[in-house]
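Before any comments, here is the structure.
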């Protein structure tokens, strides 16, 4: 087991490095010149050249990548200009390992930006996760138990309807009508727990988390329903029934345990995908998390930030995969890894 | 500035070019607007003002800030420079520089080449240390560090000190420090700038831009300072910095002594800036006027989608004034070489139809020159004064016939497409031109727009459009920036000269204007230049963009004026409790 | 379980259940009908799926007819109707319900007076072209790589699986956004029209990030089938590998491809809308469901009808294809108890 985990983690790290190279190759293929973007209105060719050098885009992609990778393990400093360091060391930004590069447009190391924005995305992801897990699994069980009834149809049907609308449509609709037009809920704005306490934090999270939860909930209702129905049909439950166990006990002790394991694994993967930022929801609600930061970086050619967030998001996905696989092995003794 | 019709920040994607990022300070148009129950004198102190905005600030370092909105918000709240514009005044009075940290508006000698200022006592930084002459000298030196500090308007100081710029690489590398030390000197509290060319409107430039703001050497960390705010003004940033993508909160600076100022009213206790919202959300929040949004202001116009909701009480909270940004249509001189054809084009341009497409009179006002009406020296361009707002297709057809070209004359109009508004506006132009005997092909471009129009050898379009606002209240920052081929036509790009205009006669007038020792003499020359460009149809003035802002019901002393580029003036604003 | 990284934020995502055709051969023996006949019979009995099939068919027929009707002048998606809007109110449609009338049954677009029905119907065409092309690319690439992976095994299987892992770990929305500027520029050098370039870009990137799902499904099918009697029988009869692929395997892969294709397609319709919302989609005047919707969300409170029409149009497409996909799966996979 331990050897298995080590192997998976090592493979994951190699994969992330490979992804960083691929991402940079893609970005460097660009005919667009990021230096132009930072150069300002009255840009001259000399200024442009200086900008390009300051950004590090004057070097070939491979050496840029090697620098970047080195930074992850041993840290780095910006700008890499020995003359400047000698005469004005206070202007050099220190970026300890794991350094993910330096954003010329935010004038700070990418890791600092990510550390600052991650709690926003994580709050949103976790709040939404709790909402959809409770509602999705609950409604899924109800639907399964009342299979074929009007309740079943209503639950599955309405969930599917939310699933069919694009996220931004649902989000903006909720925002405009619930918060602005009718004033039922306060205008959503992220307040960290440190700044406003748990109350304001939750209040700010409500609408965006609800949006995200509505999008995901359909999948969970259907999954839960399907798994519960599947498990209900399995032999050991028929045995339990034959043994004369009450239906309540059967449901909770046997059916749910069997059904929840696969749901938990899917949920883990979904959460992993969301921790790296939810682009559209953050954009709609002006949540300054990783997703919206990434959009801003992508639209202003802030390559280091874009690459950094791509890699962080990928790390969450890969980690979630590993965690889920390992947990699966722990929970379900039938699964064996060698 | 070409910040044209970017209805969403995201549309900027692909607008790879730098042009997308610039916007400009200074200048403005007559008639400030004031509302709120309190007169300027008796505003209430205290409370919090909330600024809701869309576009993220790119710099908070004074030497690097080049966006009008940010320059003036910084000046009113945290950065005091040598000079400033008066708060809460309207019209031409608003853009008369007045002393800030300097005791007077400066003395010029040597035909405008040498400028001296005396620094006031008692102006302190937020840590209690005095703002000194050395701080100003150091701040100005940062303009020369073009390798570390990018994005700012350093082109102005560098342009007037070319040999210093060649030798001196800024305070970080310190090469050529002795050259700089001779160009800018401190003698006690007397600061002297020795320029190599006359700079008649230098006071205007330093009141309208922040490149001459003071900077504390011991606080300077180069690029790392980009979002750090170290104040000598009435407020200071909580946490000492701006957070990109979120904004900042400004609270009172206890080291600020209003007696040294006399201009900034500094009424609210707090300013909270939130950036990254969309125009639609901002507008709907301000219409709803709930909670803290009662004390909210914005620098984003109401989109036409909401015009029908601006009625009754909401309409009382809406202000509609011309912005400092003028938009123009321009022929590509690589192709439209026949003057008569260009005249016919101008004469048949349906500007009224265009403005209707933008949302009507609330969204835009007809322009009579590329120069904004509130710039000193503004005069209607005589070449366009007889042009009716909807164009005159009959007169235009006659001109086209006189040109002796085959009709219908085919032209391609390229514009930044992708929104119903821009397509609608282009359709209005097409119909006017078609009536005059042109055969117009519309070529909306999205991602490749700037690649196409900035390519000096591109002949794929005949006509395109542009937009511009002055960097500071001087025509020097308008016409040469757009039509001087010597600074624009450099190899692979035509810079801001999208029409590839190149005319030695025009450039001669520009040089004469720039060398003029007094502002009045310069202005006479600028008018001559504008008339020349009009006669040559280097451009066709289209419209002045209007600001149509809402503010919350609890905002007092609300004022927009040319001193702050017609944005809400934070120097006078207050909260009604 | 850990097979598919779902990017549900886009709207409809793909589902995670594995596909199982295992019982088919047995049923065949007993009833003497082909699995296809069985499936068709089962589908016909499923009322919801039949409704979904009908709606989906109408959608596709409308999408095919729209360009013809446009050429004939029946649809007028790009005709400005300034007389139908009020410039004093910022282009608000004149008349009740967003300017509804006999000539404009769904009202007109605020600001331009263009006919909403024409734009939505033609938008359907462009949206479906994008979604179908992207699905085809994902299917073709996925099937080829899945077959190679499943049949060759060893290093080919290993490298394709790792590649798929990597592609799935990328945050798709962010990559689409980040790469758009540069790639549309590059494609734009070859094709004359910005919107064609954008369309090609979206199709290829969606397809590129979509193939691993199909590759894994196909690989799984191949692995399970490879061991089954009919392949071994074919092999023992001396059939060449190529023959086995095409004659024996492909027919058995049809079902999962059809099911997942039907489920992925609506996800791509939503993805196109999400991209329009983020500002990198196909731009007007070319209508797509996405860019109409991205424009219409701004009118949620001022012209509600204009907000609802494109939203409902997209939901109809997504919902009908999703339900059809579900129905197909149930019909083709009798083990699933739903």
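Glycine is treated like the rest: Cβ placed from N, Cα and C.
No curator has checked TrEMBL annotations; they are predicted automatically.
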Range among A:85-108, A:157-180 that TrEMBL annotates as transmembrane segment:
A:157-180
Given the ranges A:200-221, A:222-243, which one is assigned the annotation transmembrane segment in TrEMBL?
A:200-221
Looking at A:58-79, A:124-145, which one is transmembrane segment according to TrEMBL?
A:124-145
Six or more residues beyond either end and a Cβ under 8 Å away: which residues meet both conditions relative to the transmembrane segment (A:157-180)?
139, 186-188, 207-208, 210-212, 214-215, 217-219, 221-222, 280-281, 283-285
Do any residues of this chain, six or more beyond the ends of the transmembrane segment (A:259-285), have a C-beta under 8 angstroms from a C-beta of it, and if so which?
117-118, 120-122, 124-126, 128-129, 133, 137, 167-168, 171-172, 175, 188, 207-208, 211-212, 216, 219-220, 223-224, 227-228, 230-231, 291-295, 309, 312-317, 319-321, 323-324, 327-328, 331-332
